[in-house]
Amino acid sequence: MIIKPRVRGFICVTAHPAGCEANVKKQIDYVTTEGPIANGPKRVLVIGASTGYGLAARITAAFGCGADTLGVFFERPGEEGKPGTSGWYNSAAFHKFAAQKGLYAKSINGDAFSDEIKQLTIDAIKQDLGQVDQVIYSLASPRRTHPKTGEVFNSTLKPIGNAVNLRGLDTDKEVIKESVLQPATQSEIDSTVAVMGGEDWQMWIDALLDAGVLAEGAQTTAFTYLGEKITHDIYWNGSIGAAKKDLDQKVLAIRESLAAHGGGDARVSVLKAVVTQASSAIPMMPLYLSLLFKVMKEKGTHEGCIEQVYSLYKDSLCGDSPHMDQEGRLRADYKELDPEVQNQVQQLWDQVTNDNIYLLTDFVGYKSEFLNLFGFGIDGVDYDADVNPDVKIPNLIQG
């Protein structure tokens, strides 16, 4: 079939297998060009491995550190007449390139919040790797079924305490949109923490430790975003921020148990704002990202997922002098938070109108990166060619 982008709101409901493969190859080429990372992990579990930062971590571990990787994700395969998800095609491409390099790659498709998928993962580690020495936690999900109670929690993107006047960019109509977001109820806050907080990360590490599949001295990190004051009302001080603060709490107990396990470590890693399927769903992020791209590109400091994660590995996860803040988080977002960058973004934020969107922002760059997520708009891909949407992932365990 011939596959074209079909965008509905903040999601593209189609994905292109050849485009996704080219996108993965581009990230691999970046890591290969930057060169090997010293003292890197050799057996890595990536929870949330198919898109965005999780995929970038899997690529960096494999092609930067020479690691064998086991990836967990929840994606839909293509079938005749219907494309699969971009994460499915990304993972198929990753497997293909890892095999060419002689690297072990296995993946598990299913709900990472469930006990069943945790057990399948443990079994795969025991059978193939023995143990893992690094665990990356990069799940982005709008809902979670609690594995012990069966209760279904949904995350909510709302401020806490007071209503917030929100400025955003309607990406369909290409207009600036002002809206009012009502505050979250306590129940909505609790549910968001249940989905996006640190409980599942802790459950994963506890399960892996109990099963004896974490090597002594193993490290784990969960990815997060903090942002600056422009995004704080809706993000850090909102319902999602409550979940992110829960990560900061849960990491303390995880760090303690890993430290007792041969001197291991657990850290929250703070990464910059990028275009992902998760971030495009946040009302103000398309406008913020379009402005941020413009300012950072002009400064020559613009980075995407792979650049961020490669530097996180090289400088902090595997380096001798990690970028660490007072709370003990690893920081890779310092170029975004440069006061000069934030001041310029704030000034443009107040000036942007329907008439000057393309002048004051890099909305063109935002749209391009958004389509790239789904394998569209990639140089060298023939989008008029007939492609088979049914792409198999070798070494896949279906949960």
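A Cβ is built for glycine as well, from the same backbone N, Cα and C atoms used for every other residue.
Listed in Swiss-Prot:
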ACT_SITE  Tyr235  active site, proton donor
BINDING   48-53, 74-75, 111-112, 139-140, Lys244, 274-276  NAD(+) binding site
BINDING   Tyr225  substrate binding site
SITE      Glu75  site 'Plays an important role in discriminating NADH against NADPH'
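Following the DSSP three-state reduction, the secondary structure of Gly48 (NAD(+) binding site) is coil. Secondary structure at Val275 (NAD(+) binding site), as computed by DSSP, is coil. For the pair Tyr235 (active site, proton donor) and Val275 (NAD(+) binding site), the C-alpha distance works out to 16 angstrom.
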